[in-house]
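Here the structure is laid out as C-alpha coordinates; the discussion comes afterwards.
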Amino acid sequence: MTDIEKPTTEVANDINTKKNAYELDGTLADNAVGYREYHEALDLEVSNKELKRLRWKIDLIILPIFLVTQALQFMDRTSLNYANLFGYQTALGLKGDQFNYLSAMIYAGYFFGQYPCGWLIGRFQAQKIIAISIFFWGLMVILMTQSRTYSSALAIRFIMGIFEAAVTPGLTLMTGFWYTRREIPLRQCIWYSSLGWGGIIGSYISMGVSKLPADLKPERWELIFYILGGFTCLWAFLIWFVLPDTPSNARFLSSRERLIAVRRVAGNETGIKNKSFDKSQIKPGFLDVKAILLFVSVFAAAIPNGVVNSFSTIIIRDMGFSTTMTTELKSVGDAVQIVALLIGGTIILNVRNSRLLVATAANVLCTLAAGLMAFLPRSNTWGRLVCFWLVNAQSVGFTVSLTTISSNMAGYTHRSLASAMVFTAYCWGNFAGPFVVKADQAPRYTGATIGLLVGYAIKLACHLGLLGYMYAVNKHRDRTYGPANKEASDEAGMRDQTEFENKDFRYVL
(Lines of atoms letter the chains of each structure in order from A; the text may use other names.)
(Lines give C-alpha, C1' and ligand atoms only; values in the text may rest on other atoms or scores of the structure.)
Protein backbone atom coordinates (compact mmCIF):
# COMPACT_ATOMS: atom_id res chain seq x y z
CA MET A 1 0.00 0.00 0.00
CA THR A 2 1.32 3.46 -0.86
CA ASP A 3 1.59 6.30 1.62
CA ILE A 4 -1.04 8.14 -0.43
CA GLU A 5 -4.41 6.52 -1.03
CA LYS A 6 -6.72 7.90 -3.69
CA PRO A 7 -10.07 8.95 -2.16
CA THR A 8 -13.29 7.20 -3.14
CA THR A 9 -15.58 9.03 -5.60
CA GLU A 10 -18.07 9.84 -2.86
CA VAL A 11 -15.49 11.24 -0.48
CA ALA A 12 -13.67 13.09 -3.29
CA ASN A 13 -16.92 14.82 -4.31
CA ASP A 14 -17.49 15.85 -0.69
CA ILE A 15 -13.92 17.17 -0.48
CA ASN A 16 -14.33 19.16 -3.69
CA THR A 17 -17.52 20.71 -2.30
CA LYS A 18 -15.64 21.70 0.85
CA LYS A 19 -12.73 22.97 -1.24
CA ASN A 20 -14.94 25.33 -3.21
CA ALA A 21 -16.51 26.66 -0.02
CA TYR A 22 -13.09 27.03 1.58
CA GLU A 23 -11.53 28.94 -1.28
CA LEU A 24 -14.29 31.55 -1.10
CA ASP A 25 -12.60 32.70 2.11
CA GLY A 26 -9.29 34.14 0.92
CA THR A 27 -8.00 34.71 4.45
CA LEU A 28 -8.19 31.03 5.35
CA ALA A 29 -6.68 29.99 2.03
CA ASP A 30 -3.71 32.29 2.60
CA ASN A 31 -3.16 31.18 6.20
CA ALA A 32 -3.41 27.39 5.79
CA VAL A 33 0.02 26.52 4.39
CA GLY A 34 -0.14 23.88 1.65
CA TYR A 35 -3.93 23.73 1.35
CA ARG A 36 -4.06 24.70 -2.32
CA GLU A 37 -1.20 22.33 -3.17
CA TYR A 38 -2.99 19.52 -1.30
CA HIS A 39 -6.10 19.87 -3.48
CA GLU A 40 -4.08 20.21 -6.66
CA ALA A 41 -2.39 16.91 -5.77
CA LEU A 42 -5.60 14.94 -5.09
CA ASP A 43 -5.95 13.82 -8.70
CA LEU A 44 -2.29 12.91 -9.21
CA GLU A 45 -1.42 9.29 -9.89
CA VAL A 46 1.67 8.52 -7.83
CA SER A 47 3.68 5.30 -7.91
CA ASN A 48 5.49 3.69 -5.00
CA LYS A 49 8.77 4.23 -6.85
CA GLU A 50 8.10 7.96 -7.14
CA LEU A 51 7.19 8.20 -3.45
CA LYS A 52 10.34 6.35 -2.43
CA ARG A 53 12.52 8.62 -4.61
CA LEU A 54 10.90 11.71 -3.08
CA ARG A 55 11.37 10.41 0.47
CA TRP A 56 15.06 9.77 -0.17
CA LYS A 57 15.43 13.26 -1.61
CA ILE A 58 13.91 14.79 1.53
CA ASP A 59 16.02 12.56 3.77
CA LEU A 60 19.27 13.54 2.04
CA ILE A 61 18.58 17.29 2.29
CA ILE A 62 16.44 17.89 5.38
CA LEU A 63 17.67 15.23 7.81
CA PRO A 64 21.41 16.14 7.78
CA ILE A 65 20.55 19.82 8.26
CA PHE A 66 18.36 19.01 11.26
CA LEU A 67 20.99 16.68 12.71
CA VAL A 68 23.91 19.13 12.47
CA THR A 69 21.79 22.03 13.77
CA GLN A 70 20.71 20.07 16.84
CA ALA A 71 24.27 18.83 17.44
CA LEU A 72 25.66 22.38 17.37
CA GLN A 73 22.98 23.58 19.74
CA PHE A 74 23.78 20.79 22.18
CA MET A 75 27.55 21.32 22.05
CA ASP A 76 27.18 25.08 22.52
CA ARG A 77 24.74 24.67 25.38
CA THR A 78 26.99 22.20 27.19
CA SER A 79 30.27 23.97 26.32
CA LEU A 80 30.67 24.85 30.01
CA ASN A 81 30.90 21.10 30.68
CA TYR A 82 34.09 20.98 28.58
CA ALA A 83 35.48 24.40 29.57
CA ASN A 84 35.17 23.29 33.19
CA LEU A 85 37.87 20.68 32.57
CA PHE A 86 40.39 23.45 31.76
CA GLY A 87 40.08 25.74 34.76
CA TYR A 88 37.07 27.80 33.72
CA GLN A 89 35.78 28.16 37.28
CA THR A 90 39.18 29.30 38.48
CA ALA A 91 39.54 31.82 35.62
CA LEU A 92 36.27 33.48 36.58
CA GLY A 93 36.77 33.03 40.31
CA LEU A 94 33.46 31.19 40.73
CA LYS A 95 32.47 30.21 44.26
CA GLY A 96 29.77 28.08 45.87
CA ASP A 97 26.78 27.44 43.59
CA GLN A 98 27.79 30.04 41.00
CA PHE A 99 28.79 27.44 38.41
CA ASN A 100 25.44 25.70 38.97
CA TYR A 101 23.59 28.96 38.28
CA LEU A 102 25.75 29.57 35.21
CA SER A 103 24.91 26.10 33.86
CA ALA A 104 21.21 26.56 34.57
CA MET A 105 20.80 30.15 33.35
CA ILE A 106 20.60 29.16 29.69
CA TYR A 107 17.31 27.39 30.43
CA ALA A 108 15.83 30.53 31.96
CA GLY A 109 16.60 32.33 28.72
CA TYR A 110 15.20 29.36 26.79
CA PHE A 111 11.91 29.72 28.69
CA PHE A 112 11.50 33.40 27.89
CA GLY A 113 12.61 32.95 24.29
CA GLN A 114 10.43 30.04 23.23
CA TYR A 115 7.12 31.92 23.16
CA PRO A 116 8.18 34.74 20.79
CA CYS A 117 10.25 32.26 18.76
CA GLY A 118 7.27 29.90 18.44
CA TRP A 119 5.04 32.77 17.25
CA LEU A 120 7.66 33.94 14.74
CA ILE A 121 8.14 30.42 13.33
CA GLY A 122 4.38 30.15 12.76
CA ARG A 123 4.00 33.63 11.25
CA PHE A 124 7.15 33.81 9.08
CA GLN A 125 9.45 31.43 7.23
CA ALA A 126 10.73 29.04 9.86
CA GLN A 127 14.21 28.59 8.41
CA LYS A 128 14.86 32.35 8.43
CA ILE A 129 13.92 32.62 12.12
CA ILE A 130 16.06 29.58 12.97
CA ALA A 131 19.04 30.91 10.95
CA ILE A 132 18.97 34.27 12.75
CA SER A 133 18.74 32.50 16.09
CA ILE A 134 21.66 30.21 15.23
CA PHE A 135 23.91 33.12 14.25
CA PHE A 136 23.27 35.09 17.43
CA TRP A 137 23.62 32.14 19.80
CA GLY A 138 26.94 31.28 18.10
CA LEU A 139 28.00 34.89 18.64
CA MET A 140 27.10 34.56 22.34
CA VAL A 141 29.32 31.47 22.62
CA ILE A 142 32.24 33.45 21.20
CA LEU A 143 31.52 36.32 23.60
CA MET A 144 31.91 33.90 26.51
CA THR A 145 35.66 34.26 25.90
CA GLN A 146 35.45 37.97 26.73
CA SER A 147 33.35 37.45 29.83
CA ARG A 148 35.67 37.50 32.83
CA THR A 149 33.14 38.08 35.60
CA TYR A 150 30.33 35.92 36.94
CA SER A 151 27.64 38.54 36.24
CA SER A 152 28.65 39.08 32.59
CA ALA A 153 28.86 35.33 31.94
CA LEU A 154 25.42 34.91 33.53
CA ALA A 155 23.95 37.55 31.22
CA ILE A 156 25.49 35.99 28.11
CA ARG A 157 24.22 32.51 29.03
CA PHE A 158 20.72 33.96 29.49
CA ILE A 159 20.79 35.66 26.07
CA MET A 160 22.16 32.48 24.50
CA GLY A 161 19.15 30.59 25.86
CA ILE A 162 16.75 33.08 24.27
CA PHE A 163 18.22 32.45 20.83
CA GLU A 164 18.51 28.68 21.27
CA ALA A 165 14.78 28.51 22.06
CA ALA A 166 13.90 28.52 18.36
CA VAL A 167 15.76 25.34 17.50
CA THR A 168 14.48 22.11 19.10
CA PRO A 169 10.81 23.24 19.21
CA GLY A 170 11.15 24.55 15.66
CA LEU A 171 12.72 21.35 14.33
CA THR A 172 10.06 19.28 16.11
CA LEU A 173 7.27 21.19 14.37
CA MET A 174 9.11 21.16 11.04
CA THR A 175 9.55 17.37 11.18
CA GLY A 176 5.76 17.13 10.85
CA PHE A 177 5.93 19.43 7.80
CA TRP A 178 8.07 16.91 5.90
CA TYR A 179 7.30 13.40 7.11
CA THR A 180 4.32 11.08 7.49
CA ARG A 181 3.15 9.84 10.88
CA ARG A 182 4.84 6.50 10.25
CA GLU A 183 8.12 8.14 9.27
CA ILE A 184 8.29 10.79 12.02
CA PRO A 185 9.57 8.69 14.97
CA LEU A 186 12.64 7.26 13.20
CA ARG A 187 13.54 10.62 11.62
CA GLN A 188 13.08 12.39 14.94
CA CYS A 189 15.24 9.78 16.64
CA ILE A 190 17.91 10.22 13.95
CA TRP A 191 18.19 14.00 14.25
CA TYR A 192 17.82 13.91 18.04
CA SER A 193 20.67 11.36 18.19
CA SER A 194 22.80 14.38 17.32
CA LEU A 195 22.98 14.99 21.08
CA GLY A 196 25.09 11.85 21.26
CA TRP A 197 27.11 12.77 18.16
CA GLY A 198 27.57 16.27 19.54
CA GLY A 199 28.72 14.84 22.84
CA ILE A 200 31.27 12.59 21.12
CA ILE A 201 32.60 15.40 18.92
CA GLY A 202 32.73 17.75 21.91
CA SER A 203 34.62 15.12 23.93
CA TYR A 204 37.24 14.67 21.22
CA ILE A 205 37.61 18.41 20.72
CA SER A 206 38.26 18.59 24.46
CA MET A 207 40.70 15.71 24.24
CA GLY A 208 42.63 17.52 21.51
CA VAL A 209 42.63 20.75 23.52
CA SER A 210 43.80 18.84 26.63
CA LYS A 211 47.02 17.91 24.80
CA LEU A 212 47.91 21.57 24.21
CA PRO A 213 50.25 23.37 26.63
CA ALA A 214 48.52 24.57 29.81
CA ASP A 215 50.07 28.04 29.43
CA LEU A 216 48.72 28.49 25.89
CA LYS A 217 47.22 31.87 24.89
CA PRO A 218 44.29 32.05 24.33
CA GLU A 219 43.59 29.76 27.25
CA ARG A 220 42.36 26.26 26.56
CA TRP A 221 38.86 26.93 27.86
CA GLU A 222 38.67 29.94 25.52
CA LEU A 223 39.54 27.72 22.55
CA ILE A 224 36.49 25.57 23.31
CA PHE A 225 34.22 28.62 22.94
CA TYR A 226 36.02 29.96 19.84
CA ILE A 227 35.81 26.63 17.99
CA LEU A 228 32.16 25.90 18.78
CA GLY A 229 30.87 29.46 18.42
CA GLY A 230 32.72 30.12 15.16
CA PHE A 231 31.38 27.02 13.44
CA THR A 232 27.84 27.79 14.62
CA CYS A 233 27.91 31.28 13.10
CA LEU A 234 29.02 29.86 9.75
CA TRP A 235 26.29 27.20 9.87
CA ALA A 236 23.61 29.90 10.18
CA PHE A 237 24.28 31.02 6.59
CA LEU A 238 23.71 27.51 5.24
CA ILE A 239 20.38 27.32 7.08
CA TRP A 240 19.29 30.66 5.62
CA PHE A 241 20.06 29.75 2.00
CA VAL A 242 19.47 25.98 1.87
CA LEU A 243 16.74 24.90 4.34
CA PRO A 244 13.18 25.42 3.00
CA ASP A 245 10.27 26.39 5.24
CA THR A 246 7.77 23.76 4.03
CA PRO A 247 7.45 21.30 1.09
CA SER A 248 5.24 23.81 -0.77
CA ASN A 249 8.20 26.19 -1.28
CA ALA A 250 11.16 23.76 -1.40
CA ARG A 251 13.50 24.80 -4.20
CA PHE A 252 15.22 21.40 -4.30
CA LEU A 253 11.90 19.79 -5.34
CA SER A 254 10.20 20.05 -8.73
CA SER A 255 6.67 21.48 -8.99
CA ARG A 256 5.17 17.98 -9.10
CA GLU A 257 7.32 16.80 -6.18
CA ARG A 258 6.13 19.72 -4.06
CA LEU A 259 2.51 18.73 -4.65
CA ILE A 260 3.21 15.10 -3.79
CA ALA A 261 5.22 16.09 -0.70
CA VAL A 262 2.33 18.19 0.58
CA ARG A 263 -0.17 15.43 -0.15
CA ARG A 264 2.03 12.93 1.72
CA VAL A 265 2.01 14.93 4.96
CA ALA A 266 -1.69 15.78 4.59
CA GLY A 267 -2.15 12.10 5.48
CA ASN A 268 -0.92 12.93 9.00
CA GLU A 269 -4.39 14.43 9.64
CA THR A 270 -2.72 17.29 11.52
CA GLY A 271 -2.21 19.83 8.71
CA ILE A 272 1.09 21.58 8.02
CA LYS A 273 1.12 25.13 9.35
CA ASN A 274 -1.36 27.95 9.86
CA LYS A 275 -0.09 31.53 9.91
CA SER A 276 -2.98 32.81 12.03
CA PHE A 277 -3.35 32.28 15.78
CA ASP A 278 -6.61 30.41 16.49
CA LYS A 279 -7.90 31.54 19.90
CA SER A 280 -10.47 28.73 19.97
CA GLN A 281 -7.63 26.21 20.32
CA ILE A 282 -6.15 27.79 23.48
CA LYS A 283 -8.46 26.30 26.13
CA PRO A 284 -8.59 22.73 24.75
CA GLY A 285 -4.85 22.96 24.23
CA PHE A 286 -4.07 23.72 27.87
CA LEU A 287 -6.64 21.19 29.12
CA ASP A 288 -5.38 18.42 26.83
CA VAL A 289 -4.60 15.35 28.97
CA LYS A 290 -1.76 14.41 26.60
CA ALA A 291 -0.10 17.81 27.00
CA ILE A 292 -0.42 17.66 30.81
CA LEU A 293 1.09 14.17 31.02
CA LEU A 294 3.91 15.20 28.70
CA PHE A 295 4.54 18.31 30.79
CA VAL A 296 4.95 16.27 33.99
CA SER A 297 7.06 13.56 32.33
CA VAL A 298 9.41 16.03 30.64
CA PHE A 299 9.86 18.10 33.81
CA ALA A 300 10.66 14.98 35.84
CA ALA A 301 13.16 13.69 33.26
CA ALA A 302 14.72 17.09 32.61
CA ILE A 303 16.08 17.29 36.16
CA PRO A 304 18.38 14.28 35.66
CA ASN A 305 19.04 15.52 32.12
CA GLY A 306 20.40 18.76 33.62
CA VAL A 307 22.69 16.65 35.80
CA VAL A 308 24.02 14.56 32.90
CA ASN A 309 24.48 17.50 30.50
CA SER A 310 26.22 19.86 32.91
CA PHE A 311 28.10 17.58 35.28
CA SER A 312 28.87 14.31 33.47
CA THR A 313 32.56 15.17 33.13
CA ILE A 314 32.83 16.13 36.81
CA ILE A 315 31.01 13.01 38.01
CA ILE A 316 33.19 10.71 35.88
CA ARG A 317 36.41 12.51 36.83
CA ASP A 318 35.55 12.24 40.52
CA MET A 319 35.30 8.46 40.11
CA GLY A 320 39.11 8.63 39.85
CA PHE A 321 39.88 9.12 36.14
CA SER A 322 42.26 11.58 34.49
CA THR A 323 41.01 14.52 32.39
CA THR A 324 41.85 12.80 29.09
CA MET A 325 40.31 9.49 30.20
CA THR A 326 37.21 11.37 31.41
CA THR A 327 36.53 12.78 27.94
CA GLU A 328 36.94 9.30 26.42
CA LEU A 329 34.63 7.66 28.95
CA LYS A 330 32.00 10.38 28.54
CA SER A 331 31.85 9.65 24.82
CA VAL A 332 30.78 6.06 25.59
CA GLY A 333 27.62 7.42 27.23
CA ASP A 334 26.99 9.55 24.14
CA ALA A 335 27.37 6.43 21.97
CA VAL A 336 24.82 4.63 24.15
CA GLN A 337 22.40 7.49 23.49
CA ILE A 338 22.88 7.22 19.71
CA VAL A 339 22.44 3.42 19.66
CA ALA A 340 19.35 3.57 21.91
CA LEU A 341 17.69 6.19 19.69
CA LEU A 342 18.43 4.33 16.45
CA ILE A 343 17.21 1.00 17.86
CA GLY A 344 14.09 2.64 19.31
CA GLY A 345 13.32 4.50 16.08
CA THR A 346 13.79 1.37 13.96
CA ILE A 347 11.46 -0.69 16.16
CA ILE A 348 8.80 2.04 16.06
CA LEU A 349 9.05 2.23 12.26
CA ASN A 350 8.57 -1.51 11.79
CA VAL A 351 6.22 -2.44 14.65
CA ARG A 352 2.83 -0.76 14.54
CA ASN A 353 1.66 1.17 17.62
CA SER A 354 4.89 0.50 19.51
CA ARG A 355 5.96 4.08 20.29
CA LEU A 356 5.02 4.24 23.95
CA LEU A 357 5.96 0.61 24.56
CA VAL A 358 9.48 1.36 23.27
CA ALA A 359 9.59 4.50 25.44
CA THR A 360 8.46 2.42 28.43
CA ALA A 361 11.26 -0.12 27.88
CA ALA A 362 13.83 2.70 27.74
CA ASN A 363 12.31 4.29 30.85
CA VAL A 364 12.55 1.00 32.77
CA LEU A 365 16.23 0.68 31.76
CA CYS A 366 16.97 4.25 32.93
CA THR A 367 15.14 3.75 36.22
CA LEU A 368 17.03 0.54 36.99
CA ALA A 369 20.37 2.11 36.01
CA ALA A 370 19.72 5.16 38.21
CA GLY A 371 18.74 2.90 41.12
CA LEU A 372 21.94 0.88 40.80
CA MET A 373 23.99 4.06 40.56
CA ALA A 374 22.46 5.26 43.80
CA PHE A 375 22.95 2.07 45.79
CA LEU A 376 25.98 0.24 44.38
CA PRO A 377 28.99 0.49 46.73
CA ARG A 378 31.49 3.25 45.99
CA SER A 379 34.19 0.63 45.40
CA ASN A 380 32.28 -0.68 42.36
CA THR A 381 33.56 2.11 40.09
CA TRP A 382 33.00 0.39 36.75
CA GLY A 383 29.55 -0.86 37.71
CA ARG A 384 28.47 2.68 38.61
CA LEU A 385 30.09 4.04 35.43
CA VAL A 386 28.19 1.57 33.22
CA CYS A 387 24.94 2.57 34.91
CA PHE A 388 25.79 6.22 34.27
CA TRP A 389 26.27 5.37 30.60
CA LEU A 390 22.92 3.56 30.43
CA VAL A 391 20.86 6.51 31.72
CA ASN A 392 21.57 8.16 28.35
CA ALA A 393 18.84 5.90 26.93
CA GLN A 394 16.36 8.36 28.46
CA SER A 395 16.49 10.30 25.17
CA VAL A 396 14.24 7.64 23.63
CA GLY A 397 11.39 8.62 25.94
CA PHE A 398 11.90 12.34 25.33
CA THR A 399 11.92 11.81 21.56
CA VAL A 400 8.66 9.84 21.77
CA SER A 401 7.21 12.77 23.70
CA LEU A 402 8.17 15.08 20.83
CA THR A 403 6.64 12.74 18.24
CA THR A 404 3.40 12.81 20.23
CA ILE A 405 3.26 16.55 19.58
CA SER A 406 4.09 16.33 15.88
CA SER A 407 1.88 13.35 15.00
CA ASN A 408 -0.86 13.07 17.64
CA MET A 409 -1.87 16.73 18.01
CA ALA A 410 -3.78 18.56 15.27
CA GLY A 411 -4.41 22.28 14.86
CA TYR A 412 -1.27 24.40 14.52
CA THR A 413 -2.08 26.72 17.45
CA HIS A 414 -2.85 23.73 19.67
CA ARG A 415 0.34 21.97 18.58
CA SER A 416 2.41 25.11 19.19
CA LEU A 417 0.94 25.56 22.67
CA ALA A 418 1.62 21.93 23.53
CA SER A 419 5.19 22.36 22.32
CA ALA A 420 5.54 25.47 24.48
CA MET A 421 4.22 23.58 27.53
CA VAL A 422 6.61 20.68 26.99
CA PHE A 423 9.63 22.93 26.51
CA THR A 424 8.63 25.02 29.53
CA ALA A 425 8.86 21.82 31.56
CA TYR A 426 12.14 21.02 29.80
CA CYS A 427 13.57 24.45 30.69
CA TRP A 428 12.70 24.46 34.36
CA GLY A 429 13.59 20.81 34.88
CA ASN A 430 17.02 21.42 33.35
CA PHE A 431 17.33 24.63 35.37
CA ALA A 432 16.71 22.68 38.59
CA GLY A 433 18.98 19.76 37.61
CA PRO A 434 22.38 21.31 38.43
CA PHE A 435 21.26 22.11 41.96
CA VAL A 436 20.89 18.46 42.94
CA VAL A 437 24.65 18.11 42.34
CA LYS A 438 26.39 19.05 45.57
CA ALA A 439 30.16 19.43 45.59
CA ASP A 440 30.37 18.18 49.20
CA GLN A 441 28.77 14.88 48.09
CA ALA A 442 31.66 13.99 45.75
CA PRO A 443 32.52 11.41 44.57
CA ARG A 444 29.23 9.59 45.21
CA TYR A 445 26.84 12.52 44.53
CA THR A 446 23.96 10.91 46.41
CA GLY A 447 21.52 13.77 45.73
CA ALA A 448 22.17 13.61 41.98
CA THR A 449 21.71 9.84 41.74
CA ILE A 450 18.49 9.94 43.79
CA GLY A 451 17.28 12.77 41.51
CA LEU A 452 17.92 10.55 38.48
CA LEU A 453 15.99 7.65 40.05
CA VAL A 454 12.93 9.70 41.04
CA GLY A 455 12.81 11.62 37.75
CA TYR A 456 12.90 8.52 35.56
CA ALA A 457 10.32 6.72 37.71
CA ILE A 458 7.84 9.61 37.31
CA LYS A 459 8.48 9.71 33.57
CA LEU A 460 7.79 5.97 33.34
CA ALA A 461 4.43 6.38 35.10
CA CYS A 462 3.41 9.32 32.87
CA HIS A 463 4.15 7.46 29.65
CA LEU A 464 2.12 4.48 30.80
CA GLY A 465 -0.73 6.88 31.62
CA LEU A 466 -0.43 8.47 28.16
CA LEU A 467 -0.60 5.04 26.50
CA GLY A 468 -3.73 4.13 28.48
CA TYR A 469 -5.44 7.46 27.71
CA MET A 470 -4.88 7.39 23.93
CA TYR A 471 -5.85 3.72 23.68
CA ALA A 472 -9.10 4.40 25.57
CA VAL A 473 -9.96 7.40 23.35
CA ASN A 474 -9.40 5.37 20.19
CA LYS A 475 -11.68 2.57 21.44
CA HIS A 476 -14.35 5.08 22.53
CA ARG A 477 -14.37 6.78 19.12
CA ASP A 478 -14.60 3.45 17.30
CA ARG A 479 -17.61 2.47 19.41
CA THR A 480 -19.30 5.88 19.16
CA TYR A 481 -18.56 6.99 15.58
CA GLY A 482 -17.61 3.77 13.83
CA PRO A 483 -14.48 3.24 11.69
CA ALA A 484 -12.48 6.39 10.92
CA ASN A 485 -12.85 8.02 7.49
CA LYS A 486 -9.21 8.63 6.57
CA GLU A 487 -9.86 11.01 3.66
CA ALA A 488 -12.24 13.17 5.65
CA SER A 489 -9.71 13.25 8.50
CA ASP A 490 -6.94 14.39 6.12
CA GLU A 491 -9.20 17.22 4.93
CA ALA A 492 -9.99 18.24 8.52
CA GLY A 493 -6.28 18.34 9.31
CA MET A 494 -5.52 20.58 6.35
CA ARG A 495 -8.33 22.86 7.56
CA ASP A 496 -6.46 23.21 10.86
CA GLN A 497 -9.05 21.35 12.95
CA THR A 498 -7.88 19.84 16.24
CA GLU A 499 -8.13 16.14 17.05
CA PHE A 500 -10.98 17.05 19.42
CA GLU A 501 -13.05 18.53 16.58
CA ASN A 502 -12.12 15.81 14.09
CA LYS A 503 -13.98 12.66 15.18
CA ASP A 504 -12.23 10.63 12.47
CA PHE A 505 -8.85 11.26 14.11
CA ARG A 506 -7.22 8.23 15.76
CA TYR A 507 -4.08 8.35 17.89
CA VAL A 508 -0.93 6.48 16.90
CA LEU A 509 0.29 4.57 19.94
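Glycine too: its Cβ is placed from the backbone N, Cα and C atoms.
TrEMBL does not curate its annotations; it predicts them automatically.
Taken from TrEMBL as is:
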| type | residues | note |
| --- | --- | --- |
| TRANSMEM | 58-75 | transmembrane segment |
| DOMAIN | 62-477 | domain 'Major facilitator superfamily (MFS) profile' |
| TRANSMEM | 101-122 | transmembrane segment |
| TRANSMEM | 129-148 | transmembrane segment |
| TRANSMEM | 154-177 | transmembrane segment |
| TRANSMEM | 189-207 | transmembrane segment |
| TRANSMEM | 223-243 | transmembrane segment |
| TRANSMEM | 291-315 | transmembrane segment |
| TRANSMEM | 335-351 | transmembrane segment |
| TRANSMEM | 356-376 | transmembrane segment |
| TRANSMEM | 382-405 | transmembrane segment |
| TRANSMEM | 417-437 | transmembrane segment |
| TRANSMEM | 449-472 | transmembrane segment |
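Long-range contacts of the transmembrane segment (449-472) within its own chain (CB-CB distance under 8 A, at least 6 residues past either end) are made by residues 289-290, 293-294, 296-298, 300-304, 307, 356-357, 359-360, 363-364, 366-367, 370-371, 373-374, 391, 394, 397, 400, 404, 408, 429, 433, 436, 507, 509.
In this chain, the transmembrane segment (223-243) does not touch the transmembrane segment (154-177); fewer than three CB pairs sit within less than 8 A of each other, excluding pairs fewer than 6 residues apart. Counting Cβ pairs under 8 Å to the transmembrane segment (58-75), the stretch among 101-122, 129-148, 223-243, 335-351 with the most such contacts is 223-243. A contact links the transmembrane segment (223-243) to the transmembrane segment (189-207), because at least 3 Cβ pairs that are 6 or more residues apart lie under 8 A. Within the model, the domain 'Major facilitator superfamily (MFS) profile' (62-477) shows a mean pLDDT value of 83, rounded to a whole number.
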